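Shown below is the structure under consideration.
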Amino acid sequence: MGAVWTVRLLCLFLLLLNTRQSAALPHNTDQCAEGSDACHIDAICQNTPTSYKCTCKTGFKGDGKHCEDIDECDVEYNGGCVHECNNIPGNYRCTCLDGFHLAHDGHNCLDVDECVFNNGGCQHVCVNTMGSYECRCKQGFFLSDNQHTCIHRSVEGLSCMNKEHGCGHICKESPKGGVACECRPGFELAKNQRGCILTCNHGNGGCQHICEDTEQGPICRCHVRYMLHADGRTCVERDEMAPTAPDHNATSLAEVDKRVKRRLLMETCAVNNGGCDSTCKDTSTGVRCSCPVGFTLQPDGKSCKDIDECELHNGGCDHYCRNTIGSFECSCRKGFKLLTDERSCQDIDECFFERTCDHTCVNSPGSFQCVCNKGYTLYGLAHCGDINECSFNNGGCEHTCENTMGSFGCHCRAGYKLHWNKKDCIEAEDSPLVPPPARPTLNCNKQGGGELCYLTCQSQVHISSGAEDSYTVTCGMPLPCHTGGQWNGSYCPGSGIKTIATFKSGQGKCNLKRSHENLAHSFKTALSDKRATENVQFSFVSLHCASSSRQQRSRHGRKAGEEEGSFITAQFELDVNLEEVTAEGCDLTCVRRRSEKRLRKTIRTLRKSINREQFHLHFAGSEYELAKKLVRPADTPDHCGTGQILLDKKCVKCSVGTYYDGEQGRCFLCPPGTYQDEEGQVSCDVCPGPEGRGIPETAGARNISECAGQCRPGQFSHDGFVPCLPCPQGTYQPEVGRTSCFTCGGSLTTKYDGSVSFQNCETKVQCSPGHYYNTSTHRCIRCPVGTYQMEFGQNYCIACPGNTTTDFDGSTNIMQCKNRHCGGELGEFTGYIESPNYPGNYPANIECTWTITPPPKRRILVVVPEIYLPIEDECGDYLVMRKSSLPNSVTTYETCQTYERPIAFTSRSKKLWIQFRSNEGNSGKGFQVPYVTYDEDYQELIEDIVRDGRLYASENHQEILKDKKLMRALFDVLAHPQNFFNYTAQESREMFPKSFIRFLRSKVLRFLRP
């Protein structure tokens, strides 16, 4: 690992590990380590051969035994802040007045263009001004008292409606007649009682920096580091390198006389640097000035002017280019990071972290999206909660609805059974019997001196791909209930046998592969062969195949030389045939023993078949086998799981409406008469419905509702299939394939036949979002807490997903459903705290507390990448970090505002007690704050780094503190310096920009050579 790439990653940690520890000298009792020193809490204790030394930390002053905070706001021209300077323990922070936002340098304040957002709330015209804005009206209108909306003028009468009223801002009619003028806040009424004079209280008087009120109006001044622009309001940076403006009467250098030339020959670089701004060199003809890289020499031959590199080809930057004095800086759009060449931008893979999304994370250029599994819905931008389908429209169930995790089920009352659509209930006596679905069947016979077995699945097949070289196949349904030997259409545990067995499959890896052999003939032969050894029907079968590699086996204690292979874990459910029970011969217990014996024999036969890799799956009209040693093309970089294809070097599941063909390695549309509503499947399910009606089918059906021949929404029939009738007036049906329609209730009717929603019912009042229509009282009722409604005119509210709830009643969308759990993981070395529902808005009236207790001789470093707390609440929402819960204990950090700029700081106490509270007012995104504990020997170095403004001055440095992947690497090495060697040279080159490495290297060298 050479020294070059070592420094490129993070030289400080390697140097700290090798130098600090090896250079330590033997000494007497370490009073600093024992805690017996008398150093102040804001001082650093350094052990000496005979005693110890106390030194106040950066940002504090004193003798080390007594330290007090330095108020940077009282020195150096308000701390360099152009508006307000807020002192905090050991540091300070600049803030801006209303109407301004903090510039990237953290000191200057720039105007906010309020008109960009929603036209500033103005009805007609929005005009931005320095520090504020104003609304104006079109011809024929005047501004109302709220200063945003416009009112049409009347041309008659002396009133405020007349455009001749003369008021500069607000016009009000007096009780005695006539008009009286008023001014907006921040303005004073002029002596003529009509006009309005601006003051510093409104938009800082239009001044960018400093405003002073005078009788004639505000006068603008600038901070000492800036100068006033010709407009009298704007402040620009002083160009200290620019020469003083020449006298207009002065002659040019070419016109000077010989005396001046002789004087030039007498100039020397030893006196006043020869008048050069930068580099001076003595020559035979006088001094010669030159400029450093990034500057160009001006015509006077002395002055240097900054080159704006961004003017030419955007400075070579992929995204943004920002010119700086003597240089420039490239930066990237949100969602991208700057590479080490400090020019190129690369997408940040937010999905790198498992906790980015609860279920599935889909990365995209500059962004990402969280996707939830079927039966779950997204809330809080990243979280997934179970959908309570029964909470709206009873889940579409005709009788009762039962919610389950990720799904739901409809149930029927006594005397009824479920229709094939699993929602309607039909009478059990008068309706034709629904045949039970075909069961999984195992057929085995002897071929070629061994057992050849087929598992046949005619329906209820489900395939899911796991990790590489693994899959799960389920076939059939749980054991059905029987009544008098007839299928009754429902399911229950029943009287059956359930067993689990594990099989090893030679050297083949798990991969559902369509067979190249003509297995159809062999399959039919196996069914009719008199030598068949097994023919067993199961109720339910689950097969999970997982490949085993040599490395994995040796890690688990098996022999390293054992060959690779696959292991299949099979779960069988075998129904006990009650017809075999006889009064005199064999009771139920006897029949169960016989069934168990048959099952054991079947498993032995199946084991032989699988060991010889002669086990095949037959479903959806195709045959599949366990693939043997896969021969892969040399140019295929990765192996995708079953149901996935390689697309742009990424494994992508086959979409809904398609299935995966293992033989061709492609996704195909579901054939007509079938559908598939899940991704990554290797077959399609057969559409329900009566046969022989000649109904045209379409390919690629994505769910059962797209199967042809079903009654459309607003229709019904006795079996849910054509021919269909429209729902009569007073009823509606939002789904396909139904046998009945829902009634509006409350004696309500609909405007026409064939209504598809309750919204078509003629209610007495239309309910707005956040309400539902009560058909008993014919009133709109606010949705209770924990529910929401997005649409107009509905008769239900939707329950919030999972364990979320709403802050108040009357919620109108799912984003108002929030998890109230205080997030975070508190580890001894690394961890994080997180506001509830992050990255969604946190709930109202919440209180969270965390306590970070590091191991002995370790200190805490905290990084706040960004925090969103609405200041409009007057600090009703706040985050505080201090030594303990006592209000007067030592405080490390406290805020009740939004800061998008990151900040890093060390704890002022050994332990941190953290509290977050919110009130019932506005809400925000909140925060996710990571921390690390480090060896206290590095306290001085860490504080020197985090207190240096250069760490935050560069946008690229700010993005590093926001990049979770980079911060995890930094924290990993800070917590465990030996982990530095876990990072390869390639990783080190791709992690940090050179400017960040240079910044850290200077700190390390100064720390090692004080």
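Including glycine, each Cβ sits where the backbone N, Cα and C put it.
Pulled the feature table from Swiss-Prot, pasting it below:
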- 1-24: signal peptide (SIGNAL)
- 28-68: domain 'EGF-like 1' (DOMAIN)
- C39-C54: disulfide bond (DISULFID)
- 69-110: domain 'EGF-like 2' (DOMAIN)
- C73-C85: disulfide bond (DISULFID)
- C96-C109: disulfide bond (DISULFID)
- 111-147: domain 'EGF-like 3' (DOMAIN)
- C115-C126: disulfide bond (DISULFID)
- 160-196: domain 'EGF-like 4' (DOMAIN)
- 200-235: domain 'EGF-like 5' (DOMAIN)
- N249: N-linked glycosylation site (CARBOHYD)
- 269-304: domain 'EGF-like 6' (DOMAIN)
- 306-346: domain 'EGF-like 7' (DOMAIN)
- C310-C321: disulfide bond (DISULFID)
- C317-C330: disulfide bond (DISULFID)
- C332-C345: disulfide bond (DISULFID)
- 347-385: domain 'EGF-like 8' (DOMAIN)
- C351-C361: disulfide bond (DISULFID)
- C357-C370: disulfide bond (DISULFID)
- 386-426: domain 'EGF-like 9' (DOMAIN)
- C390-C401: disulfide bond (DISULFID)
- C412-C425: disulfide bond (DISULFID)
- N488: N-linked glycosylation site (CARBOHYD)
- N703: N-linked glycosylation site (CARBOHYD)
- N774: N-linked glycosylation site (CARBOHYD)
- N803: N-linked glycosylation site (CARBOHYD)
- 822-934: domain 'CUB' (DOMAIN)
- 860-869: region 'Interaction with the cholesterol-anchor of SHH' (REGION)
- C875-C896: disulfide bond (DISULFID)
- N982: N-linked glycosylation site (CARBOHYD)
Considering Cα atoms only, can you say which of C109, C357, C370, C425, N703 is the nearest neighbour of C875 (disulfide bond) among these recorded positions?
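Sorting the recorded positions by distance from C875 (disulfide bond), the top entry is C109.
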Same chain only, please: residues at least 6 beyond the ends of the domain 'EGF-like 8' (347-385) with a C-beta under 8 Å from a C-beta of the stretch. Say none if there are none.
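Distant contacts of the domain 'EGF-like 8' (347-385): 333-337, 405-408, 677-678, 800-804, 814-815, 817-819, 837-841, 963-965.
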Measuring C-alpha to C-alpha, could you say which of the disulfide-bonded residues C330, C345, C370 are within 10 Å of C361 (disulfide bond)?
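Passing the 10 Å Cα cut: C370.
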Cα-Cα, whole number of Å: C332 (disulfide bond) versus C54 (disulfide bond)?
44
If you count Cβ atoms within 10 Å of the Cβ of C412 (disulfide bond), leaving out that atom itself, what do you get?
20
When you put C345 (disulfide bond) at the centre and draw a 10 Å sphere around its Cα, which of the recorded positions C317, C321, C330, C351, N982 have their Cα inside it?
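Checking Cα-Cα distances against C345 (disulfide bond), the recorded positions within 10 Å turn out to be C317, C330.
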Give me the stretch from 28-68, 111-147, 160-196, 269-304, 386-426 with the greatest number of Cβ pairs under 8 Å to the domain 'CUB' (822-934).
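Out of the listed stretches, 28-68 contacts the domain 'CUB' (822-934) most.
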Counting every protein chain present, what is the number of Cβ atoms, excluding its own, within 10 Å of the Cβ of C357 (disulfide bond)?
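21, counting other Cβ atoms within 10 Å of C357 (disulfide bond).
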Average pLDDT across the domain 'EGF-like 8' (347-385)?
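When the pLDDT values over the domain 'EGF-like 8' (347-385) are averaged, the result is 89.
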Between the domain 'EGF-like 3' (111-147) and the domain 'EGF-like 5' (200-235), are there three or more C-beta pairs closer than 8 Å, counting only pairs 6 or more apart along the chain?
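In contact, yes.
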Can you tell me which of the recorded positions C321, C351, C357, N982 is spatially closest to C39 (disulfide bond)? Compare CA atoms only.
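Looking at Cα distances from C39 (disulfide bond), the smallest one goes to N982.
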To the nearest Å, how far is the Cα of C126 (disulfide bond) from the Cα of N774 (N-linked glycosylation site)?
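Cα-Cα distance, C126 (disulfide bond) to N774 (N-linked glycosylation site): 44 Å.
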Give me the CA-CA distance between N703 (N-linked glycosylation site) and C390 (disulfide bond), in Å, as a whole number.
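Roughly 20 Å, rounded to the nearest whole number.
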Using a Cβ-Cβ cut-off of under 8 Å, list the residues of the same chain that are 6+ residues beyond the ends of the domain 'EGF-like 7' (306-346) and lie near it.
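For the domain 'EGF-like 7' (306-346), the nonlocal Cβ contacts are 8, 104, 241, 292-296, 365-368, 954-956, 959, 963, 989-995.
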Could you find out if DSSP has C310 (disulfide bond) as helix, strand or coil?
helix
Compared by Cα position, which of the disulfide-bonded residues C310, C317, C321, C401 is the closest one to C357 (disulfide bond)?
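Closest candidate to C357 (disulfide bond), judged by Cα separation, is C401.
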